[in-house]
Amino acid sequence: MMSSACVWGYWADTIGRRPLLLYGLILDALCNFLISTSQSFYVLLTFKFFSGFIVNGPFAINMTFVAEYHSEKYRSRALLLIGLFNASAQFVLPCVAWIVIPQGWSFELLDGAFVYNSWRLFLFLSGLPCFIASLTVLYFPESPKFLMTQGKNEEALKVFRWMYSLNTGNPPEMFPVKVLRQEDFAKKLNDNKLRNPNFWQKTYNRLVQMSLLFRKPYFKSFMLIAVLQFGSILGLNTLRLWLPQLFTVMENYQSMQSDPEVGSGTFCDAVNNMTSLSNNRVNDANTSDICVPVPVPDAVYINSLIVSATSVILYLLSSVAINKISRKILMMISFFFSSLGFFVFYLSPNSDVVLALSALTVSFSNITTLTITSILVELMPTSLRTLAISLVMMIGRLGAVSGNLVFPILLNLGCYVPFSTIGGYLALCLLIAIFIPKPSGILV
């Protein structure tokens, strides 16, 4: 996903939002369907790479597409509702996996050369939402803001009339606006079109436009947002990806409570016990090469569903509150509670407290990530918006990779070290967020 950030951002700000969103969703669905038929690890890995490469575009483009279809009054709420659907998907997907994957059926073709079983069916089902989403994109015209930056004001006006008629039920001709102001970037673009530039001149013009992202007045805002997104996704994905393991450790440890040598049963006792056992296995030269599967308790799945359900509830509350408090305040509140959650995580006395802290910390981290993106949309002009979102999400995913690589290393130093380290960085992000500037009010 990180490898395609610049490519998708450049294409979306050059070709348009709608065609790339449509084809990106179709291609990602196709990749998922092909993944479900793969018969070797390397084939699966190849298609999974292409799926990640492709889906990075629709994610960033969708955020821009939705933002540009809403006025400033409703834009933040619309983006939070995207987060609500994301959280709902995180709730539904484990439910589907829990139903489908444990099924023991399978069928073979070509004397066993082709095998299709339950987990492959799950991968196929995972591609259906992208295919269905691509069908809904067919209903929408191009973003009117993008059309205006291309100097296509008449086409943009038709889209605005269509939106007006859809929202009010009145005929499109009753739309009160008759003429749209031509944007500065569109004027320059039209001047270049009059000179009939060739391919290389067009490419040069776009690169010059992209370079504005790394100059005043956008560079400072872009870098501040990138630092915040790095920390937000680092905390979110590190905790979310480690939660099943931590829940399993806690459940297995509490099942050993009858042993008087185990300890008091706190979260740190369980984690330290896991770390000690892992180190002993690594250092034990007599360890068997035979892999013995460890059954995952049902409580682990249930806990993950509770965490996802909490995110859904918090997104609903945030979508109501977003128009009463500013995006910046909501982001800072979310950073505060995310940081606090990490700081007190290792103090958890039992699995119930671990579950509550996990649910709240992941939920507030989700809100933080979406509000950061919402602020970025307001700070960037239309011609740089998708590129900026793509690059910021790339930096955020770099944070996710870094967090998952560093977390087990810090865990060996002590139970409190990884949680306090991430909590400290999120606290730093809270201070940095103070310096995020207000939108100028002209980048509609």
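Cβ atoms here come from the backbone N, Cα and C positions, even for glycine.
For 1-441, the entry in TrEMBL reads domain 'Major facilitator superfamily (MFS) profile'.
For 20-43 (among others), the entry in TrEMBL reads transmembrane segment. Sequence-distant neighbours of the transmembrane segment (20-43) (same chain, 6+ residues past either end, Cβ-Cβ under 8 Å): 8, 11-12, 50-51, 54-55, 57-58, 61-62, 65, 113-116, 120-121, 123-124, 126-128, 130-131, 133-134, 137-138.
Sequence annotations record features per position, and here TrEMBL assigns transmembrane segment to 49-67 (among others). Proximity of distant same-chain residues to the transmembrane segment (49-67), defined by a Cβ-Cβ separation under 8 Å and at least 6 residues beyond the stretch ends, is recorded for 1-5, 7-9, 11-12, 17-18, 20-21, 24-25, 27-28, 31-32, 35, 75, 78-79, 82, 130, 140, 143, 373-374, 377, 385-386, 389-390, 393-394.
Using a Cβ-Cβ cut-off under 8 Å and counting only residues 6 or more beyond its ends in the same chain, the transmembrane segment (79-101) has close neighbours at 62-63, 66-67, 118-119, 121-122, 125-126, 129, 301, 304-305, 308-309, 311-312, 315-316, 318-319, 322, 363, 366-367, 369-371, 373-374, 377. Among the features that TrEMBL reports, transmembrane segment is placed at 79-101 (among others).
Annotated transmembrane segment per TrEMBL: 121-140 (among others), in sequence order.
For 222-243 (among others), the entry in TrEMBL reads transmembrane segment.
Same-chain residues lying 6 or more positions outside the transmembrane segment (299-317) and placing a CB less than 8 Å from one of its CB atoms are 80-81, 83-84, 87-88, 90-91, 94-95, 98, 240, 243-244, 247-248, 251, 351, 355, 358-360, 362-364, 366-367. Positions annotated as transmembrane segment by TrEMBL: 299-317 (among others).
Summarising the annotation, TrEMBL assigns transmembrane segment to 329-347 (among others).
Feature annotation from TrEMBL assigns transmembrane segment to 353-377 (among others).
According to TrEMBL, the feature transmembrane segment maps to 389-410 (among others).
Per TrEMBL, the feature transmembrane segment maps to 416-436 (among others).
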Practice problem: Mind looking up the mean pLDDT for the domain 'Major facilitator superfamily (MFS) profile' (1-441) in the predicted model? | Solution: 81
Quiz prompt | Within-chain partners of the transmembrane segment (416-436) [C-beta distance under 8 Å, separation at least 6 from its ends] | solution = 221, 224-225, 227-228, 231-232, 234-235, 238-239, 268, 328, 331-332, 335-336, 338-343, 345-346, 375, 403, 406-407, 410
